[in-house]
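For reference, TrEMBL has these:
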ACT_SITE  E168  active site, proton acceptor
BINDING   G197, A198, S199, T200, Q201  ATP binding site
TRANSMEM  12-32  transmembrane segment
TRANSMEM  458-478  transmembrane segment
Amino acid sequence: MKEKNPWYTPLTIIITVIGVIAIVALVTVAVLQNRPLLQKYKYGIVLDAGSSHTALYIYQWPAEKDNNTGRVEQKHSCKVTGKGISSYAAQPEKAGMSLTECMQEAEMVVPAKRHSETPLYLGATAGMRLLNIENRSASDQVFQAVEKALQSFPFSYQGARILSGQEEGAFGWVTVNYLDDRLKQGLETTGALDLGGASTQISFVSHDYDISESPSNSMTFRLYGNDYNLYTHSFLCYGKDQVLRMALAKQTQLGPSTILDPCFHPGYTTTRNYSSLYDSPCVSGRRPREAPTNFSHKGEGNFTKCQEVVKSLFNTTACKYSKCSFNGVFQPPLQGPFGAFSAYYYVMNFLNLTDTSIHLETVKNNLASYCATPWNQIKQMHLSNVKEKYLAEYCFSGTYILTLLTEGYNFTKETYSNIKFIKKIKGSDAGWTLGYMLNLTNMIPAEAPDSPPLPHAGYVSIVTVIAVLLFILLILSLRPVWPRCSKQPQIV
Ligand SMILES: Nc1nc2c(ncn2[C@@H]2O[C@H](COP(=O)(O)OP(=O)(O)O)[C@@H](O)[C@H]2O)c(=O)[nH]1
């Protein structure tokens, strides 16, 4: 005779089956919901039309998260061959044509089905600011040519314009702090130091900044629920190419046929043309009356003398505010860490001087011995992998950077270590372009977006655990109808 299992009552069997099905269903949902999905992206393109060259940046962000929660990152960059668009003043159509190769690259990088919805912006900086001052109609023609070229591509063209120096500084600051996740988390922000070819920008948040003292230097933002009162200033003509013109102008005021320049290596010699040197609004007013066509530019390699030449380009005496940087420009006390990018990085990286924990005096001594190195030796060491134009100018540029930071912005030997020379942050280039796009696409919300209290996986796990517990409780609550195990086994 077979014994009947007390658990084999119809009620307990039904409850067990339903319970098991429910748990299996919940676990399946949890697993499926957390399976990595094939990520879909949206894209944005920004062209940085700088004074020395144009660069194209493609940004991407998760398609389902463009409501301000997905992270925007740089997907691709392309350096336009040739000079900046402002150099095409005499043949504007070539400015448009110069962008073709990079634009075609963008067509390949952005998936075809996203082309028509991908915004395309062009922002021009100090090179075009100067051309606009010098020759308004030439600047307009360059823009017309550029617009025509960009409109021929299948993207959503959003316009080309000259950024103000203030915008350039502020968007650089937004980029750095966005990439560092400082804005979303409401952390102390990093100041931004940008050195271009024709202008240079300084932007930082200072708690001691009284806007009323110089309202034109202030930009206010509300980002992710936090208010920022940003100090920013752009010095036109103080980018490293224009400041070199000013330094050469200083040394050629009497129209000599030869100059011995302390900012170039001993043994360096080249012939320069007076007309080309003075062909910029930054120096055009100072052209010597009587000068030969050319002058011979020879190097001396003396850092101390070079620093004197560079210092003479800063007016540090006139200041109608409580505190100034230089040329009578208001600047509140420096505050917090700073990221220095663009030419700051190119130059200091080449000179092996990016480590700011090294004492400022040691940095200066190292630069002094680099400047004193004969030009032949420098060429032998580096000419195979560095353009001669850049190579010849590193002594000048390094001296300018140290002088700008200390004599110009008032960094001291103590605060110098607050500066970090950077090129990229988490794979994206530091510069104004990302901040510009984030602003124009409203991708940084004024208020912090609401986020669910639990991540999805946590939510599903908790529901599963609760379901299992409820099931066990149900089984236990059915105890009264459980068959008694102690009873005599039933005879079937
Ligand atoms: N040494 C060096 N200098 C560079 C490089 N790329 C650009 N520069 C110079 O750095 C300065 C700033 O360049 P960039 O950031 O492109 O500024 P912009 O052209 O004024 O917008 C200019 O004087 C450029 O000639 C590079 O790869 N190496």
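The backbone N, Cα and C atoms fix where each Cβ goes, glycine too.
In TrEMBL, annotation is done automatically, which means it is predicted and not curated.
This view paints the features noted in TrEMBL onto the structure.
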residue : record                       : contacts (Cβ under 8 Å, 6+ apart)
E168    : active site, proton acceptor : T125, A126, D194, S199, Q201, S234, W432
G197    : ATP binding site             : G50, S51, S52, G84, A126, G127, G239, K240, D241, Q242, A343
A198    : ATP binding site             : S51, T125, A126, G127, R129, L130, L236, C237, G239, D241, Q242, C282
T200    : ATP binding site             : L193, D194, S234, F235, Y238, G239, K240, L404
Filter the recorded positions E168, A198, S199, T200, Q201 down to those with CB closer than 6 A to an atom of ligand 1; keep them in sequence order.
A198
Under DSSP, is S199 (ATP binding site) helix, strand or coil?
strand
Starting from the ATP site formed by G197, A198, S199, T200, Q201, give every other residue of that chain whose CB sits within 8 Å of the mean position of their CB atoms, in sequence order.
S51, T125, A126, E168, D194, L195, G196, S234, F235, L236, Y238, G239, K240, Q242
Within 10 angstroms of the C-beta of Q201 (ATP binding site), what count of other C-beta atoms is obtained when all protein chains are considered?
28
Could you tally the C-beta atoms, other than its own, that fall within 10 angstroms of the C-beta of S199 (ATP binding site)?
26
Would you identify the secondary structure of E168 (active site, proton acceptor) according to DSSP, in three states?
helix
